[in-house]
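Engineer: This is the structure, below, for whatever I ask next.
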């Protein structure tokens with residue numbers, strides 16, 4: 001029987017009755033073939049941790065590093081953040097295109113990309129946190145290395161994300177592997193924030209600030225001896241800060257190398273289990289058109305685009321908010337760790353919740369949780385409230401990380417049923433999802449840093465004008481809430497309910513069985 005014939009496809013929104021299985025399971029294709037060992041899941045999850053370790057450090061600290069350590073002006077910092085993110089976003093579909101053209105090797109089709117780019121990622125990441133001896137060209141230095149880092153990390157992240165579809169054909173096993181991955185990635189975020197925060201915290205404490213600001217605009221106040229003393233203090237502070245950031249970058253680079261080696265040794269990449277070996281791979285441009293016309297994918301991407309922008313705004317401005325808006329500069333690293341510990345602990349909770357009540361309900365319950373608490377911190381800025389908000393926010397951070405990567409494979413399965421003869425499109429789904437979210441995050445980061453410029457942010461100063469504090473409160477409170485509400489309204493239109501997902505699962509099992517029998521028939525005919 002030709003593949004795809006006599007199959008009742010059930011893409012999202014078409015409540016068709018699932019087909020009765022018309023073939024018994026081949027002897028060599030047992031349930032055990034679809035099972036993943038705990039070791040495999042852990043090694044897969046560990047492979048995603050270094051991206052989050054580095055991502056956490058850049059998300060929480062790159063903005064304040066550019067402003068207060070590298071000491072480029074807010075407009076230049078906004079350009080570095082925006083152009084770097086936009087460059088990374090554009091590189092996602094480009095890398096996805098080349099992945100679709102990649103040949104299958106002894107270690108897989110995706111694994112060579114991840115292993116090959118890792119050393120270059122580590123080098124580019126280290127130089128991103130290095131302050132060059134010249135001052136006039138620092139903007140170009142950071143822009144160049146941030147764009148290079150974004151390109152290389154894309155070469156790692158896109159194939160790693162698509163690898164989920166090549167671990168097992170079983171949805172439950174993929175969801176389980178995704179839960180392992182998200183737990184480890186949140187743990188990686190925690191490790192990144194802990195390494196970076198604890199190492200560089202001494203560079204941002206109040207003891208490094210004299211009675212008056214040390215920025216150039218304030219050095220003219222006082223006697224000549226006082227001015228010299230402030231300059232010497234400022235230079236000592238900067239030398240210490242530069243050293244601390246470089247140590248943190250070196251440690252995180254080492255973590256990246258170790259985790260990639262563990263993933264390479266412990267994960268086996270499987271070829272597409274639903275497509276016959278005789279099928280031709282779909283051309284990239286045709287695959288792109290098909291993917292961009294798939295409704296569930298567009299809805300899911302648009303919804304989490306707004307939600308991820310909200311989380312990114314909170315992440316990137318939180319250290320500045322604690323430092324300059326609510327006088328918690330001596331506690332920010334511990335508050336960040338509390339958020340991430342809460343997120344790590346709550347990942348299993350959300351995994352249980354989505355299995356019990358469905359992924360869409362889990363998304364709504366988990367992500368709405370952050371809104372009242374971020375607003376509470378803005379209006380009640382004391383240490384006890386900050387820790388309460390940190391614990392509560394961790395729940396939403398966990399949900400925002402787990403849910404999109406758990407729902408995206410369901411969208412790919414839905415597309416597979418609507419287009420049963422297509423092959424090699426997984427990288428298109430994952431690369432363009434990351435493209436849209438990165439591009440939107442880049443715009444939001446650039447605009448938020450530009451807002452600080454308009455508010456009068458004084459580069460290198462320990463104390464900022466009142467308008468800066470007010471702007472930071474808006475960027476932490478009102479703006480994220482608006483983006484989250486918009487994302488959740490779009491998510492209401494997401495058509496893949498639990499019933500649709502289960503029907504798709506049954507149809508995919510039927511498709512897999514027919515593909516297996518078709519392949520065996522062709523083998524028998526070619527070998528009489």
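Glycine residues also receive a Cβ, built from the backbone N, Cα and C atoms like all the rest.
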Engineer: Looking at 216-239, 288-311, which one is transmembrane segment according to TrEMBL?
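Structural biologist: Range annotated as transmembrane segment by TrEMBL: 288-311.
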Engineer: Sort out for me which stretch, of 140-163, 244-267, 288-311, 475-496, has the most Cβ pairs below 8 angstroms to the transmembrane segment (427-455).
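Structural biologist: Ranked by Cβ pairs under 8 Å, first place goes to 288-311.
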Engineer: Same chain, outside the transmembrane segment (475-496) by at least 6, Cβ under 8 Å from its Cβ: which residues?
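Structural biologist: Hits for the transmembrane segment (475-496): 12-13, 295-296, 299-300, 302-307, 309-311, 313-314, 317-318, 321, 325, 360, 363-364, 367-368, 370-371, 374-375, 377-378, 407, 410-411, 414, 448, 451, 504.
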Engineer: I'd like to know if the transmembrane segment (140-163) touches the transmembrane segment (288-311) in this structure, counting it as a touch only when three or more C-beta pairs sit under 8 Å and are separated by 6 or more positions.
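Structural biologist: Output no: the transmembrane segment (288-311) is apart from the transmembrane segment (140-163).
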Engineer: Are there 3 or more C-beta pairs under 8 Å linking the transmembrane segment (386-406) with the transmembrane segment (244-267), counting only pairs at least 6 apart in sequence?
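Structural biologist: In this chain the transmembrane segment (244-267) does not contact the transmembrane segment (386-406) - fewer than 3 Cβ pairs sit under 8 Å.
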